[in-house]
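Listed in TrEMBL:
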DOMAIN    A:189-409  domain 'Histidine kinase'
DOMAIN    A:429-544  domain 'Response regulatory'
MOD_RES   A:Asp478  4-aspartylphosphate
DOMAIN    A:568-662  domain 'HPt'
MOD_RES   A:His607  phosphohistidine
Amino acid sequence: MNNPQQPIPHNETERLAALRRYNILDTLPEDAFDDATRLVSYICGVPIAHISFIDENRQWFKSEIGIGVSELPREITFCRYTIMESEMLEIPDTHSNEIFKDDPNVTDGFKVRFYAGVPLTTPDGYNIGTICAVDHVTKKLDESQRNALNIVAKHVINQLELRTKNNELNAQKKIAERAVLAKDSFLANMSHEIRTPLNAVIGFTDLLAQTKLDIIQRDYIDSVQIAGENLLLIVNDILDLSKIESGNLAIEDQPFDLKKTLKHIYDLLKVKVPENVEFNLFLDADMPEIVVGDQGRLNQILVNLTGNALKFTQEGDVTVSVKKMEETDEHYLLRFSVKDTGIGIQEAKLKTIFDRFTQAEESTTRRFGGTGLGLNIVKQLVELHNSEIKVKSREGRGSEFFFTLAYKKASDIEIVPESFTGSNLGKLKILLCEDNVLNQKLVKSVIYNFGFELDIAEHGEAGIELLSKNEYDLILMDLQMPVKDGYQTTQYIRDEMKLTIPIIAMTAHSLVGEQELCYNMGMDAYVPKPFKQAALLETIKTVLNKDHKPAPKRKIDFSLIEEMACGNADFTKEMVHLFTEKIPIEIVLLNEAYKTNNSDTVRKLAHNMKSSFDIFLLADLSDCVSVIEEEAKNGSFTVKTREKMSILNCEIIEVVKVLKEL
Amino acid sequence: MLCNSYCFKTNTYAMRIILSEDNDILRKSLSFFLESKGFTVDQFSDGKDALDAIEATSYDLILTDINMPGKSGMEITQYVRQTIGSDIPIIIFTSSGVEQTELDSFDMGANEFMAKPVSPAVLLVRINKLLKTRA
């Protein structure tokens with residue numbers, strides 16, 4: 001080297017900072033850069049070309065042809081000179097250049113004879129790297145080659161900028177997605193909290209409407225009722241949506257009367273039909289009456305779609321039709337359609353109408369009201385049925401929403417004949433277990449309205465006492481109460497008192513699994529709060545009408561034990577046997593230890609039982625013992641353990657029974 | 001299959017694993033699974049017994065639960081690493097969801113940590129990986 005002093009740009013510190021900002025060093029090859037390198041090689045007709053970046057002590061190649069290494073020490077590169085320049089550095093013949101003629105890259109190594117390098121200059125003016133053409137023979141670039149090389153250099157910098165912006169956008173996107181998630185869970189919690197007092201508002205308004213009122217008062221009450229119902233619809237929409245999103249919404253499999261459901265929807269919406277609109281319900285002649293599926297969700301889907309159709313149609317007709325598409329031994333495939341001659345949807349909006357908070361027209365919310373959640377919920381509900389909703393529409397001509405659902409056929413036993421009418425229920429004596437005074441008052445008024453008698457117990461213990469003294473026809477049971485909750489009380493009534501009196505659970509939770517738990521505990525029916533008077537009466541009729549329906553049987557998942565058994569059925573059987581032998585003994589020991597407050601033994605037993613439950617994928621039981629183990633570890637048991645113990649006791653009997661029947 | 005080169009069914013020498021777990025259903029199931037995959041498995045429900053066996057026998061891999069009567073999986077790991085001074089691969093599994101437990105396990109010198117419920121397929125992959133690294 002003639003010049004032992006290494007060239008360093010005057011703005012080296014800022015230059016390095018600029019380079020770091022792009023996060024480009026030591027990244028994987030990218031097509032955009034490789035293409036640019038190839039382009040340089042073609043344009044200049046050289047065997048060696050590269051795009052490189054220079055940090056404190058090395059030249060790192062983002063892309064290269066004919067070099068074969070990923071980096072070189074900075075002090076032996078040509079490009080350390082190029083980044084000192086503001087324009088292209090071109091050396092037609094290194095042998096006649098004073099600085100480079102003795103350079104090791106010229107005398108041996110790469111045998112560089114020709115070099116042309118353009119600095120890669122950032123928009124704020126820092127040379128962070130180079131794009132170069134190199135050859136083993138002498139060469140001179142013509143004007144258009146030089147221009148082209150400069151243009152490619154600009155493109156490389158643009159590519160870098162784009163890349164950085166993309167990374168930033170991705171990071172922002174992640175933040176936004178997290179925020180949406182947080183918002184959803186906040187909404188779910190809020191909606192739930194709002195529903196409880198709203199329940200009371202609607203219930204008491206209902207009652208107030210049934211008292212003697214003058215015309216003005218009647219008008220006010222009507223307004224309050226409508227407002228309350230609308231508010232409840234919105235809150236329910238939000239709650240539904242968050243439940244769907246969190247995967248907490250399950251599609252039920254219960255037999256129901258399809259024709260009746262559709263007629264009910266028709267009757268419900270008939271009142272909303274505008275004057276010049278004809279509202280039709282067309283049912284296929286050979287459409288089945290009873291199917292197995294989720295009545296409530298079908299109701300929700302159709303009410304939503306039909307409600308929309310009626311809202312957006314001023315003239316013409318709105319038609320709900322159901323057609324049987326296919327019938328197999330086990331299933332019906334039905335096509336549901338809601339068609340209108342309303343305002344229609346612009347073609348451009350068709351794709352987004354199912355998105356949240358989107359309505360076909362910006363002004364829709366102002367003109368027609370609504371949350372903008374309805375169609376999104378409908379779409380997701382249809383998808384939960386493993387189907388897809390489709391829409392056809394012409395602006396100004398009308399729309400059709402349609403989807404097909406597969407329903408299981410009902411076996412004959414499942415169809416419960418309805419022989420009861422409201423009038424012959426007589427004077428029922430009902431016991432309510434409920435701690436909330438407001439709810440007590442509400443239920444009391446409703447039950448009196450039905451013409452029944454009601455006794456109130458403010459917790460399970462008091463309920464049991466009343467039950468042992470008096471005769472009742474039916475119990476309404478809140479789930480969360482002090483002293484003895486709804487589950488424990490039910491368990492006591494069924495197991496200790498050996499009573500088969502119908503019990504209806506009432507709860508504001510309406511979460512997946514809760515309903516099942518109620519049935520498993522021996523309750524007969526389930527009314528979610530806020531309850532409608534008609535729904536409560538219907539449920540009371542149903543439970544009094546039928547014999548005790550056996551609780552839905554638990555299904556046990558053998559996939560894990562079968563995986564471990566590697567297909568050996570005998571081994572699986574042996575493990576099932578071991579489980580049914582040892583778990584009943586362990587639960588007895590666990591109960592004993594819990595009663596004597598021996599937390600150390602409880603902890604050890606719970607821990608050991610957890611592994612047994614896990615093998616048969618009994619997640620609910622495994623969770624129970626986890627909670628119990630955790631509390632035992634802390635040395636003191638709260639109501640949580642008590643609750644889990646009672647679930648455990650109940651469920652183990654069921655599980656062992658199912659396993660033994662195999 | 002991932003385990004192609006490490007399925008020992010046809011080999012004359014099978015890899016020998018010691019399994020200590022106090023829940024008998026889980027222990028028997030895991031043993032059955034691993035034996036089906038060609039390993040020889042010695043099973044113990046008591047940590048102390050397991051440790052005695054480790055001292056007396058030459059194993060290729062230790063598979064242990066943490067919470068056990070006799071000696072805990074942590075104690076076994078500590079003893080193997082510090083007192084015996086062996087670098088035999090150790091896999092610890094536990095139903096504890098506490099992060100510290102996992103950190104402690106690695107601190108003690110465990111090679112792998114698995115939260116229960118243990119997926120047999122994943123366990124097999126990890127065992128094979130550890131045995132392969134050593135081979």
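Every residue, even glycine, has its Cβ placed from backbone N, Cα and C.
Take the CB of A:Asp478 (4-aspartylphosphate) and look out to 10 A: across all protein chains shown you find 26 other CB atoms.
Rounded to the nearest whole angstrom, the C-alpha distance between A:His607 (phosphohistidine) and the residue listed as '4-aspartylphosphate' is 32.
As a summary of secondary structure, the domain 'HPt' (A:568-662) carries 82 helix, 0 strand, 13 coil according to DSSP. Helix, strand and coil counts under DSSP for the domain 'Response regulatory' (A:429-544) come to 53 helix, 24 strand, 39 coil. Cβ neighbours within 10 Å of A:His607 (phosphohistidine), excluding its own Cβ and spanning all shown chains: 24. Mean model confidence of the domain 'Histidine kinase' (A:189-409) amounts to 84 (pLDDT, 0 to 100 scale).
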